[in-house]
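Trainee: Straight from TrEMBL, here's the annotation block:
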- 147-366: domain 'ABC transmembrane type-1' (DOMAIN)
- 23-43: transmembrane segment (TRANSMEM)
- 49-69: transmembrane segment (TRANSMEM)
- 81-103: transmembrane segment (TRANSMEM)
- 143-173: transmembrane segment (TRANSMEM)
- 185-208: transmembrane segment (TRANSMEM)
- 220-242: transmembrane segment (TRANSMEM)
- 348-370: transmembrane segment (TRANSMEM)
Amino acid sequence: MNTITEAPASKPAKLTSKQLPKATPWVVAVASIIVAIVISFIAFGGFNIPVVAVLAGLINAIAVFAVSASYEGRRKAVDRIATTIVTSTFVLACVPLISLLWLTASKGGAAISGDLLTRTMLGMKGVLDQQYVAGEATLAGGFYHAIVGTVLITLAACIISIPIGVLTAIYLVEYSNKNRLGKAITFLVDVMTGIPSIVAGLFAFALFSTIANVLMPGSAGIAKTGFTAAVALSVLMIPIVVRNTEEILRLVPMDLREASYALGVPKWKTIVKIVLPTSVSGILSGVTIAIARVIGETAPIMVTAGFAKTLNWNLFSGWMSTLPTFIYDSQLRPVSPGAAALASSERAWAAALVLVALVMVLNLLARIIAKVLAPKAGR
């Protein structure tokens, strides 16, 4: 008589037999940071963010591998160490950005005031900075003229470069079919992407100086204006706008275009009604990247617009300052040398904070506009 014997229970798989509690990686990470901070104080005499970040990453990786290998096995430990390395690399990549923002916010926030935002450097004298450093007066001067210059020059550069960049991208995607002209434009865009900013400034200044000399001999100096600076920045913006817009337009499904053509809609109307509304979110993101790229440029503005201590609303006449050139000039040529140069440095940090805030506001506005204009489901 055959009897059915029960098979012995199989051993649980090693991958599922033991699992560290979900909180373990976080506990190890916090412990690693604490140990790194202690080492930083002992070895370097204080809290050093880059040192703490590197040490914490290394200690965390070693600790996670050791704990996981002893409890879960080597295979699971290798998986955890790979995850830890990738996560730690991302965190380390964020450290310089966070450190930069923290330094700008701390130094700029301590110096910024309503007076700095509403006054210019007209009539500034070294004695005023000396009185401020001695504690006898408040920080004089301001960079209202630089804020206005930054906004006007960047706006003019956008008016020039955005239409040219978007239309060029539309031609490359919708009309060129990789013909010779399309290949030539693509090559030029690639070359322009790598042009140093100072070269763009020299090009714009040389162009308008030549035009001014032809119209009025001996008047090359009048070419140094805010509009010349805007042209220089547009040379830097156009290739970025073209590249980003081209990539976004290529992501629009061909089925949408073909459905429109099947209904007898002409090509230009398909682009206006189908392609552009579908890709407006990505186009705005690309434009924002281009603006953020040029709004902090210093070299081309120095060459084309110079330095100004007073407010100038006219893009076509006179020198004009921007926030980057104001920061550079304040650090390079303080109003009062020596100990009183601290006042110029504080004005520079406050201007840097405003510049960062402008870029952040632009990014936020671009996201809001893109969300509003993005095509809705079922429409």
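Placed from the backbone N, Cα and C atoms, the Cβ positions cover glycine too.
Just so you know, TrEMBL annotations never went through curation; they're auto-generated.
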Trainee: Counting only residues 6+ away from its ends, which parts of the chain sit with a Cβ under 8 Å from the transmembrane segment (81-103)?
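Mentor: Counting only partners 6 or more residues beyond its ends, the transmembrane segment (81-103) has Cβ contacts under 8 Å with 25, 49-50, 53-54, 57, 60-61, 64-65, 68, 356.
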Trainee: Please report, as numbers and ranges, the same-chain residues at least 6 past the borders of the transmembrane segment (49-69) whose CB is under 8 Å from any CB of it.
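Mentor: Sequence-distant neighbours of the transmembrane segment (49-69): 20, 24-25, 28-29, 31-33, 35-37, 39-40, 43, 76-78, 80-81, 84-85, 88-89, 91-92, 95, 99.
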